[in-house]
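Remarks on the structure that follows.
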Amino acid sequence: MGRFIFVSFGLLVLFLSLSGTGAGLHCPSDWYYYDQHCYRIFNEEMNWEDAEWFCTKQAKGAHLVSIKSAKEADFVAWMVTQNIEESFSHVSIGLRVQNKEKQCSTKWSDGSSVSYDNLLDLYITKCSLLKKETGFRKWFVASCIGKIPFVCKFPPQC
C-alpha cells in the first residue's frame, strides 16, 4: 500500500510539473512542435491568398506562419532548411502589408500585430517571404501573386 501511494504521488508531481509546458499537446504527423504551436512547410506552389486559405483548412486556428521572436524565426528557418525542396529558394509567411484608405497596415494573417520586425524592405500591398540566400532568416516583401512554397502554423488542441 505504501509503495502504491509513493508511486501515485510521484506521478502526480510529474503531471503537475509538466502541466502548462505543452505536455499533452500533439501535432499531426509531418508537423513540428515548437513553443505551443505546430508548424509545417508545404512545397506546393501557391500564391499568398491560396496558401492562407489552404492553411486554414489544415486545422482549427491554422494560418500562414506568424513569427513573434528571433528564437521563433530561428526555428522556422531551421525547419524550412530541413524540409524545403532543393529547387525552391523562397517561402511565404503570413505577413502582409496593405494600403487601405491611404493608411498602410501590417498584420499577420492570423490577425495579430507585428511585435517582432525582421523586414528588410517595406512596400505597399505586398506579402512577405523568406529567402534561401539569407538562410530563411530575413523577411522580404514580394508580390502576393507569385506561386511559392509556404509555412503554416496553428496552436494544437488538447
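Glycine is treated like the rest: Cβ placed from N, Cα and C.
Of the listed cysteines (Cys104, Cys127, Cys158), only Cys127 is recorded by Swiss-Prot as the disulfide partner of Cys144. In this model, the domain 'C-type lectin' (34-158) carries an average pLDDT of 86. Cys38 (disulfide bond) has its Cα within 10 Å of the Cα of these disulfide-bonded residues: Cys152, taken from Cys55, Cys127, Cys144, Cys152. Residues within less than 8 Å, Cβ to Cβ, of Cys152 (disulfide bond) and separated from it by at least 6 positions along the same chain comprise Tyr39, Arg40, Phe42, Phe54, Cys55, Gln58, Ala62, His63, Leu64, Val65. Per DSSP, the domain 'C-type lectin' (34-158) is made up of 26 helix, 49 strand, 50 coil.
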